[in-house]
Amino acid sequence: MAGIFYFILFSFLFGICDAVTGSRVYPANEVTLLDSRSVQGELGWIASPLEGGWEEVSIMDEKNTPIRTYQVCNVMEASQNNWLRTDWITREGAQRVYIEIKFTLRDCNSLPGVMGTCKETFNLYYYESDNDKERFIRESQFGKIDTIAADESFTQVDIGDRIMKLNTEIRDVGPLSKKGFYLAFQDVGACIALVSVRVFYKKCPLTVRNLAQFPDTITGADTSSLVEVRGSCVNNSEEKDVPKMYCGADGEWLVPIGNCLCNAGHEEQNGECQACKIGYYKALSTDASCAKCPPHSYSVWEGATSCTCDRGFFRADNDAASMPCTRPPSAPLNLISNVNETSVNLEWSSPQNTGGRQDISYNVVCKKCGAGDPSKCRPCGSGVHYTPQQNGLKTTRVSITDLLAHTNYTFEIWAVNGVSKYNPSPDQSVSVTVTTNQAAPSSIALVQAKEVTRYSVALAWLEPDRPNGVILEYEVKYYEKDQNERSYRIVRTAARNTDIKGLNPLTSYVFHVRARTAAGYGDFSEPLEVTTNTVPSRIIGDGANSTVLLVSVSGSVVLVVILIAAFVISRRRSKYSKAKQEADEEKHLNQGVRTYVDPFTYEDPNQAVREFAKEIDASCIKIEKVIGVGEFGEVCSGRLKVPGKREICVAIKTLKAGYTDKQRRDFLSEASIMGQFDHPNIIHLEGVVTKCKPVMIITEYMENGSLDAFLRKNDGRFTVIQLVGMLRGIGSGMKYLSDMSYVHRDLAARNILVNSNLVCKVSDFGMSRVLEDDPEAAYTTRGGKIPIRWTAPEAIAYRKFTSASDVWSYGIVMWEVMSYGERPYWDMSNQDVIKAIEEGYRLPPPMDCPIALHQLMLDCWQKERSDRPKFGQIVNMLDKLIRNPNSLKRTGSESSRPNTALLDPSSPEFSAVVSVGDWLQAIKMDRYKDNFTAAGYTTLEAVVHMSQDDLARIGITAITHQNKILSSVQAMRTQMQQMHGRMVPV
């Protein structure tokens with residue numbers, strides 16, 4: 001009987017040879033240790049028992065290549081224990097290996113008379129060993145890996161039809177520690193053929209990321225372990241940040257950190273740093289590509305870090321390598337001189353050729369030349385003055401003064417730029433020679449009062465620095481200071497001193513002196529102010545009486561000064577004491593009150609980060625896996641271990657590579673905001689990493705993620721008390737923010753995070769950045785994006801965000817929580833939502849929502865923001881509801897979720913209308929009166945049972961009209977239920 005089964009099984013194997021002899025190409029991250037299909041000749045595995053158990057069979061494929069298989073089919077005999085052991089397999093450093101088994105198995109039901117002995121499974125075992133010395137199978141040494149069952153088994157019919165039913169199973173085992181291992185297959189009574197056995201391990205293959213090469217890395221021992229690998233920069237590159245990656249258990253590289261940059265003279269191409277081509281260059285180690293040599297420059301070798309300037313062209317010291325080479329300018333044009341006595345005005349035009357630069361300036365060279373030989377010139381010296389300046393002129397004119405009269409001067413105007421010093425040439429200048437005229441003397445530099453009496457002042461002065469000829473006389477002008485030159489006197493003298501007499505005692509006078517030559521008067525000197533005495537100077541200090549008088553007067557003056565000073569000090573002390581008291585009182589009143597500080601008000605945004613966020617060493621952080629992608633980069637989970645503290649789970653936001661300064665500032669601004677908050681219902685900031693890359697924000701880890709997704713996942717699983725508890729936590733956090741004068745602007749269930757204890761915490765403080773990437777945002781008429789469905793009408797219309805607008809958003813969050821994460825306003829468009837709110841519509845109560853909670857929602861949705869409750873009042877209301885669970889009884893409607901009709905607070909009271917016509921007129925829908933009458937809806941009792949399909953059936957197809965009518969219908973239904981006592985009033 002067994003021989004027949006072998007024959008059948010052997011015949012069936014010919015039908016599957018095509019499936020197992022295809023090209024054996026395995027993934028790059030799998031390293032094969034054993035492949036039975038690749039063995040040339042017999043496998044020679046050890047079987048126990050040697051006879052009657054496993055049997056090696058060779059079959060030929062269509063290319064006449066033998067395939068070695070093992071089969072066994074002892075299904076007629078009970079208590080089978082047939083073992084087959086492989087040769088010793090070296091593990092090559094792998095800690096976890098994988099076994100891929102391809103096999104066929106006979107369906108026991110297709111074999112007659114074997115129901116008690118036939119099995120459809122076999123067992124897989126392994127045994128570790130440091131050497132290949134085991135010649136026999138010792139069953140006790142082997143550890144079981146798994147029991148292998150077939151997904152598909154074949155029958156006699158399949159054999160006849162040559163239908164292939166090949167099973168493939170993969171198992172893994174680890175961690176392994178010895179040099180090698182054996183595999184064993186135990187048959188317990190199945191009809192089975194091992195078509196192929198492949199043993200392999202996984203590795204993260206050699207790869208290049210961010211110009212860093214990461215070697216082949218064998219995966220870790222656990223199926224969830226990550227192996228940190230440091231990369232090495234490719235040739236011709238250097239580290240910018242330490243390149244690291246994590247090798248995952250599946251053989252895939254994860255979370256690249258850091259990067260390398262191509263050296264100067266090299267650029268990245270296909271993951272390599274290749275030398276710049278001839279004619280190209282790269283000056284620095286950056287991620288930029290090689291650039292073509294700028295104009296008037298060249299490179300003659302590969303890998304150039306700069307380009308050489310053409311002959312006659314230069315590059316200034318502060319010129320970047322990317323700037324063109326330039327040359328000095330040509331000479332200025334059209335030099336014109338204008339001589340005025342001993343001053344000269346020069347004007348000229350810009351050079352015809354600027355040399356390719358914009359930093360042109362002009363220098364003036366002055367030379368004084370002899371009359372007999374103009375070629376013998378010498379510098380003018382420091383006595384000559386230039387307006388506005390002599391060198392570095394940005395204008396094309398200069399005024400030169402304080403020259404000597406009747407003297408020959410040569411003036412050179414040089415045009416210079418940033419490269420003139422490399423090639424000074426006379427071609428850059430233009431000159432002119434002039435002769436000064438006869439000139440008046442210069443002003444007198446120093447005038448002194450030698451003696452002052454009651455009625456006179458004795459003056460003396462120096463000769464002008466440049467007399468420009470023979471001084472004929474000096475003129476002294478003086479006047480009383482109070483007259484301010486309205487009435488003055490003139491005294492002339494040939495000497496350089498004079499006595500001015502006939503003055504008034506104790507009077508201030510102002511004196512001016514000027515010189516005159518044959519060319520005329522020079523300028524007056526600077527004013528000299530002198531005050532005449534009250535008594536003759538000889539009286540003061542002569543005799544005892546004068547001494548007593550002087551002491552008495554001096555003492556009186558001192559006494560008056562002391563009294564005045566004492567009074568002033570007393571007043572100041574009084575004011576200071578009062579001001580100090582007020583300041584102390586103000587400080588006392590403000591003690592303990594914290595106010596939110598906007599980080600964008602800091603001139604240096606980094607200062608806000610340093611002030612409000614704690615810097616964490618990157619070595620304290622271990623990234624475990626990526627859990628999402630945010631606006632600025634990846635969001636990961638990981639662990640934080642600060643020295644002296646226990647290790648905690650954290651969430652890690654990373655800033656993606658290639659960020660701009662603005663993106664970095666916006667990214668860290670959220671940390672500057674979070675760092676100011678300390679409340680159990682506000683997400684807690686652990687710290688930031690800014691001193692290395694990637695830049696990271698570290699916060700506490702919230703296991704259950706965002707509130708909206710969490711509620712949808714757990715629809716209907718919580719009690720009303722639990723839901724109200726969540727709302728209470730959110731309200732408490734918002735009260736804290738409101739007390740700190742912080743306006744959130746984007747309060748929604750998606751921005752509330754939930755931890756493992758169902759504690760809800762407010763997060764996402766990035767609304768100060770416009771919500772460009774928020775899928776719920778929509779353009780408003782004033783530009784920018786805001787989440788329409790959660791935003792108060794005044795914030796939509798006027799962008800007026802306050803704590804009251806946050807209260808409106810909180811009402812929407814209440815509705816989201818009680819509806820288990822439904823989308824507010826369902827599938828209505830944003831424009832329809834805005835229009836409906838403007839018309840007074842509000843969201844209906846979710847299914848099973850207590851009346852008290854929906855009423856609180858309606859309070860939050862008051863049109864006038866001053867009518868909305870404060871967050872403190874909201875928290876108090878929720879506390880009362882939690883303490884009084886009877887107030888949270890269900891509403892009358894529990895059959896289904898409400899339809900898409902919105903509630904209209906302006907709907908008429910049911911008691912105020914008596915007919916369908918009155919009702920339609922009250923809600924301004926009387927145009928449909930005939931539709932209702934024709935369809936038989938003639939009483940209000942019939943109307944309250946209508947649905948949206950009923951309205952469409954009677955010809956009301958406009959969605960907005962359907963919503964308005966259904967809103968009023970629902971309001972009437974609620975009023976009827978209240979009148980019949982089916983709802984508990986709060």
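In case you wondered, yes, glycine gets a Cβ from its N, Cα and C as well.
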Q) Swiss-Prot annotates one residue of N340, N931 as N-linked glycosylation site; which residue is it? A) N340
**Q.** Of the candidates K614, K645, K653, the one that Swiss-Prot places in the ATP site of I627, G628, V629, G630, E631, F632, G633, E634, V635
**A.** K653
**Q.** In Swiss-Prot, the member of Y488, Y576, Y602, Y659 to which phosphotyrosine is assigned
**A.** Y602
Q) In Swiss-Prot, which of these is labelled phosphotyrosine: Y596, Y736, Y841? A) Y596
Q. Minimum Cβ neighbour count within 10 Å among the modified residues Y596, Y602, Y928: which residue?
A. Y596
Q: Name the one residue among N408, Y596, D746, Y928 whose Cα is closest in three-dimensional space to that of I627 (ATP binding site); these are the recorded positions.
A: D746
Q) Distance between N235 (N-linked glycosylation site) and E631 (ATP binding site) at the Cα atoms, whole Å? A) 34
Q: Compute the C-alpha separation of E631 (ATP binding site) from N408 (N-linked glycosylation site), stating it in Å without decimals.
A: 76
(Q) Of the residues named as ATP binders, I627, G628, V629, G630, E631, F632, G633, E634, V635, K653, how far apart in Å are the Cα atoms of the most distant pair? (A) 14
(Q) I need the CA-to-CA distance for N340 (N-linked glycosylation site) versus V635 (ATP binding site), whole Å please. (A) 78
Q) Which of the recorded positions N408, Y596, Y602, D746, Y928 has its Cα nearest to the Cα of G633 (ATP binding site)? A) D746
Q) Within 8 Å of the Cβ centroid of the ATP site residues I627, G628, V629, G630, E631, F632, G633, E634, V635, K653, which other residues of the same chain have their Cβ? A) C636, T654
